[in-house]
Amino acid sequence: MAAGFKTVEPLEYYRRFLKENCRPDGRELGEFRTTTVNIGSISTADGSALVKLGNTTVICGVKAFRSGPPGEEAQVASQFIADVIENSQIIQKEDLCISPGKLVWVLYCDLICLDYDGNILDACTFALLAALKNVQLPEVTINEETALAEVNLKKKSYLNIRTHPVATSFAVFDDTLLIVDPTGEEEHLATGTLTIVMDEEGKLCCLHKPGGSGLTGAKLQDCMSRAVTRHKEVKKLMDEVIKSMKPK
């Protein structure tokens, strides 16, 4: 009976749960789905990460190439991810410099959604950050006699990650009710969505709201506060995974 009612009246089905401050999957309105991260998932990449946010799964691979025309396989990152990278200044351009005026690293990040069940922006941002923290670049020097680059694959160093942007997404129901980490079905039924990206200092890096229901100042402030809390959770998770990978 419940399954039939959900099919016929999906929004009303959700409303009945929301009135009781819970959701059909058993979560409270402000409760996130289980989040996991696996770093170094792609052996052929210079850095990679696999993030699962409930049933939403995203894998990010980072390949480093010396500057020059991009390969045919290179993909253009989404505008949202580009904005996050630019606004958060997660990596400074000088950190990618091999030899001033001569040679720099160019990083290509490919984000592939293996399974979609909502909140793709949070998962992609998390996967990108985790993959970048996993990147190890080989030492490159310029031979003064030949002016050619020489690569030492035995000596590698991690990227200098300046900030740790974390995205937190919300769905708005009936123009007033906010829920975090919406599933694909919840996004479809929502009257609006909002994604906030914060760094570890509580600085707003990006705010993405593609139309839909408006939010009061108080509601927006509530979202900001939840985003700060979510950042701490994600950062702790990532630090634990990275620590577990370091040789003892």
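Placed from the backbone N, Cα and C atoms, the Cβ positions cover glycine too.
What TrEMBL says about this one:
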- 31-64: domain 'Exoribonuclease phosphorolytic' (DOMAIN)
- 66-138: domain 'Exoribonuclease phosphorolytic' (DOMAIN)
- 165-228: domain 'Exoribonuclease phosphorolytic' (DOMAIN)
Distal contacts, the domain 'Exoribonuclease phosphorolytic' (31-64) - CB-CB under 8 A, six or more residues away: 25, 105-120, 122-124, 126-128, 130-137, 159, 180-181, 183-184, 230, 233-234, 237-238, 241-242, 245
Residue distribution over DSSP helix, strand and coil in the domain 'Exoribonuclease phosphorolytic' (66-138): 29 helix, 20 strand, 24 coil
The domain 'Exoribonuclease phosphorolytic' (31-64), counted residue by residue under DSSP: helix, strand, coil: 0 helix, 21 strand, 13 coil
Taken over the domain 'Exoribonuclease phosphorolytic' (66-138), the model's mean pLDDT: 82
Counts of helix, strand and coil residues, the domain 'Exoribonuclease phosphorolytic' (165-228), according to DSSP: 18 helix, 25 strand, 21 coil
